[in-house]
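Feature annotation from Swiss-Prot assigns Fe cation binding site to His199, Glu302.
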Amino acid sequence: MADRRRTDDNKGAREVVLLLNIGSPDSPEEKDVARYLNSFLTDRRIITLPFLLRQLLVRGIITPFRKKSSAQKYRTVWDESTRSFPLISHTKAIARALAHTGREVHVAMRYGKPAVADVLKELPHGRSLVVLPLFPHYAMSSYETAVEHCKAEIRRLCPNLSFRVVQPFYAHEAYIRVLADNIRPYLTKPFDKLILSYHGIPRDHLDKTTRQALNLRHPEGCCTEEDPTANVCYRYQTYRTTALIREALGLAEEQVEQVFQSRVGHTEWLRPYLIERLSAWPQEETKRILIACPSFVCDCLESLEEVADHGQSIFKKAGGADFTYIPCLNSGANWIDALRNILEE
């Protein structure tokens with residue numbers, strides 16, 4: 001069910017769609033990357049330290065030390081012809097494709113441009129809004145921060161707006177079907193294992209999310225079966241997506257492995273880490289891998305630079321023979337049809 005708030009009587013008006021994604025810097029220049037890092041990392045749902053400590057850490061240490069290396073990575077995925085990053089371009093392409101189905105569709109980013117506030121100011125009056133976060137799984141550092149920021153901006157700028165928010169679609173039949181269809185053609189080539197790599201999160205985010213949402217402590221040994229925390233448990237939701245993809249593809253358990261990527265810092269994140277498994281697989285006679293990233297609906301820095309490029313290099317240097325990256329759903333026609341189904345429920 002979608003989270004609904006109705007504040008006017010115009011319930012019959014056709015909904016305007018707002019696609020929410022995480023965002024990218026304005027360019028790969030260091031100053032733009034630094035501005036993006038400051039905005040992203042000072043979010044209390046990303047780094048959960050007290051405000052002043054978080055500001056000092058990010059602006060005084062993390063951004064000054066990371067902006068150069070981050071800018072170099074962003075340059076590898078920058079498209080000079082469109083002067084944009086893949087995440088932005090693909091999200092806008094999704095919006096254009098959905099608009100062809102007869103809906104009015106807008107795009108906003110949690111960090112960077114187009115900003116939620118700017119988009120809300122352009123919405124037509126007297127229409128209801130459906131907010132579609134392009135995050136299949138619930139995490140405080142992705143789905144939650146994007147949705148709560150959007151709600152805050154709606155309260156501030158258009159408090160009488162009627163809107164609803166689409167819930168995470170990690171187990172939605174249409175999402176699983178299009179993921180499986182996206183992967184299936186690659187199974188015709190010989191492979192040892194299909195790897196499903198999800199964006200990682202700090203382990204303590206599981207506890208913080210369940211305490212905040214449900215006033216519960218995240219139970220030990222959870223996540224393999226549904227329990228009261230399932231609606232806000234990122235790890236459970238990724239496990240569920242993996243199981244459903246495996247079933248849809250007709251693969252045995254030993255043919256599919258789930259990992260987590262993009263860890264930063266020294267705290268404990270969800271395991272197993274992709275970066276460690278890339279070197280280990282060849283030693284385990286897993287030398288031909290297919291790898292997909294189901295937590296990203298659009299190709300982005302993390303899928304292209306971290307996995308398809310850097311990940312392949314690590315795997316090959318460790319003795320891997322064949323590394324096949326499976327692109328994200330992006331704006332494919334089947335994905336647009338799946339989004340229509342998700343929106344209409």
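Here the Cβ of each residue, glycine as well, is placed from N, Cα and C on the backbone.
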Exercise. Might you list, by sequence position, any residue in that chain lying six or more from Glu302 (Fe cation binding site) with a Cβ less than 8 Å away from its Cβ?
Key: His199, Gln261, Ser262, Cys293, Phe296
Exercise. Check Glu302 (Fe cation binding site) against DSSP and tell me helix, strand or coil, would you?
Key: helix
